[in-house]
Protein chains: 2
Amino acid sequence: MPAKNAFYAQSGGVSAVINASACGVIETARAHRGKIGKVYAGRNGIIGALREELIDTSRESKAAIRGLLSTPAGAFGSCRHKLQSLDENRAEYERLLEVFKAHNIGYFFYNGGGDSADTCLKVSQLSDTMGYPLQAIHIPKTIDNDLPLTDTCPGFGSVAKYIAISTREASLDVVSMCETSTKVFILEVMGRHAGWIAASAGLAAERDSDGPHIILFPEIAFDRTKFLARVKRTVKRHGHCVIVASEGAQYADGRFLADSGITDAFGHRQLGGLAPGLAEMVKSELGYKYHWAVADYLQRSARHIASQTDLDQAYAVGAAAVEFALQGKNAVMPCIVRGSGKRYRWHIGEAPLQKVANREKKMPRSFISRDGFGITQAARDYLSPLIAGEAYPDYRNGLPRYVRLKLEPVARKLKTAFKV
Amino acid sequence: MPAKNAFYAQSGGVSAVINASACGVIETARAHRGKIGKVYAGRNGIIGALREELIDTSRESKAAIRGLLSTPAGAFGSCRHKLQSLDENRAEYERLLEVFKAHNIGYFFYNGGGDSADTCLKVSQLSDTMGYPLQAIHIPKTIDNDLPLTDTCPGFGSVAKYIAISTREASLDVVSMCETSTKVFILEVMGRHAGWIAASAGLAAERDSDGPHIILFPEIAFDRTKFLARVKRTVKRHGHCVIVASEGAQYADGRFLADSGITDAFGHRQLGGLAPGLAEMVKSELGYKYHWAVADYLQRSARHIASQTDLDQAYAVGAAAVEFALQGKNAVMPCIVRGSGKRYRWHIGEAPLQKVANREKKMPRSFISRDGFGITQAARDYLSPLIAGEAYPDYRNGLPRYVRLKLEPVARKLKTAFKV
């Protein structure tokens, strides 16, 4: 019997290092050719499996696969598509099994965040409920750093580094300009309902006078009066004020400061656009000249300044997923375990998917300063090693050389199409 | 008679490499101690001279001055303050002379853009009109790249590199997501009335299918119908559309798409906030899911990915300014001259300030594609060498080590204060 093939797909918002996890999966699978056949990647995540749109990664050269290490975003395409329960949409599961059977797929690697972990968990149960032998391993990825049971999530460290650097740089800009011009600068960052990314901006400050002076966390209810008083005090004291605001910042009643009115396929509200509103608030109440920036996708695709630690961990969870599969495991996720001791060390552990799916890990209150506007030493100790090391890509003509895969499709074996 | 001291100041919006020009001035002056005494930096530009707030750069270590090479923004503080004409505000000029005389200043180096060149020109005329021997040299700096008589402006190449890289990275992100999520991504960039920065995003694309698919230049009147049709066509063809919009984009009647309603000290309207408006237009007319980013100060302070060419040129114009002064010149500006031939070469030339001040160099029409939405090969040939080379700063704990100067004040000699 030929070795079972593997299915690998990317899901949810992409990151600067998710392709490094793909590289870890494919290189490790290639090193075990006798036990794992080919790695088929889903074109646009789980949708690729449902539509039988598979990409044959064996057609990619060794160099191209290595190139994934230094290429941001999702090389195989990602998706926002959540499988319903078996009861709600049995057809989808039957289709998945049909595709997996047709292509002799025995390993399922799904690379994503909390929602994707849920999808992976549902697939892992197919083995029992529908009698098809399949091992499903989830590979953690989310810039929001909100997965439980792992010390950190691959993708986060690089965004944290980008935001910390950008905050330090923009703060110097504002310091230069504040005497006659901009007094208040607002940087809006991602992170959904968790303040991890916003917190990372706090690393930019070495002294009390350094920006950011105010961080707005989703975990702390926004109080307009208190906020404006703090802005005013900061400008009086330092001549300027740098604010980093999480897109998930919200009022005490749960309303987001920035609700775009759009809902995604996972049922989440799309956030973004909080910075101009805050700027307007500062201008109308305090009269200060402002500038604001919204980093949006720039922050999560910034492979040009990825964290080496993050990159190493992204590769490692990909490689570990294959090793777990070879050990016969199912419904698990490789996670990052932080060693004890002052010097940062980490290794790969194993987390049961049942305890990962659909749970959000928010910032502990002990990471946020008492006044709610900054980070504590505990947060610094946690965050600092995650942004260590600069994993620069190669350049050609002044621009990063990001790999382009051939993305050759696997010939279809099924007669029927499936509409997603 | 002791050698005359020099005054150096930074003016207008800062950049990732303006401190490299400061480094060029100070290191070159130090190398000619017999001819130039001390370099006094104005705290916050020309305002520092008017207020007699001078910084003694001789108190900074050699290493600290070298550190300016890799530190973004204006280490001595900048300002937006335009001198009026001698007739309009004679008091300011008399004050300047008073300060210069008190501190034995014979050299005036002003580091800025078009408005600052005007200030420098006015100061250069003091020598004749008010009988005080003074040589004024302008040192070019503007991320907008809109100064005449120089092939490029130090500060621009680094922003161009940042925007080209960010566009390439964010485009990969959108490609990954577009099947089920974001179809249109809009990046708003700076550049005021000139499309140079927006044009640099065009370098990100290597193929027709690569983003950016649409660039909105200030030089091309915005046509809503044509724009929406192009967005639609691009999404139909490639599944997604990446748009880079200059903050100076405007309608045929000259109204800016994004006018914040704020006017700065130079009388310019503050721009910014065009991206959310365009996104709303796309959503309401075409129904596509969007994301948008406004890079704002992040783009001009991004020393972490500065262009080596830009850095070299910024240093060179600073050094050349001192050499021009030593040659007895006045009312001139060192400029960048591009050599002929295929391989990029450059050297320092000399431009008369009279022909620099208050003139904006816009993008030539030949740099913009016929349809008005992209760049031509001529633009690529011009832009490409300017972003060559990665001038990485040193890092400590995952963050760039940017220098902190002591900024020791020069003891005041005048009894009177001057209100600016």
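For all residues, glycine too, the Cβ spot is worked out from N, Cα and C.
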TrEMBL annotation, substrate site containing B:THR142, B:ILE143, B:ASP144, B:MET190, B:GLY191, B:ARG192, B:TYR297, B:LEU298, B:GLN299, B:ARG300 - matching residue among B:GLU92, B:GLU247, B:GLU350: B:GLU247
Cβ packing number for B:ASP115 (site 'Important for catalytic activity and substrate specificity'), 10 Å threshold: 22
Cross-chain proximity of recorded positions to A (CB under 8 Å), evaluated over B:ASP115, B:LYS141, B:GLU247, B:LEU298, B:ARG300: B:LEU298, B:ARG300
Residue from B:ASP115, B:THR142, B:GLU247, B:LEU298 whose C-alpha is spatially nearest that of B:GLY13 (diphosphate binding site), among the recorded positions: B:THR142
Shortest C-alpha distance to B:GLU247 (substrate binding site) - which of the recorded positions B:ASP115, B:LYS141, B:ASP144: B:ASP144
Between B:ASP144 (active site, proton acceptor) and B:GLY191 (substrate binding site): CA-CA distance (Å): 5
Residues B:THR142, B:ILE143, B:ASP144, B:MET190, B:GLY191, B:ARG192, B:GLU247, B:TYR297, B:LEU298, B:GLN299, B:ARG300 binding substrate per the record - widest CA separation, whole Å: 16
Which listed residue (B:GLY13, B:LYS141, B:THR142, B:ASP144) has most other Cβ within 10 Å, given these are recorded positions: B:LYS141
Integer Cα-Cα distance in angstrom, B:ASP144 (active site, proton acceptor) to B:LEU298 (substrate binding site): 15
B:THR142 (substrate binding site) versus B:ASP115 (site 'Important for catalytic activity and substrate specificity') - Cα distance in angstrom: 10
Averaged pLDDT, computed only over the residues in the domain 'Phosphofructokinase' (B:9-324): 94
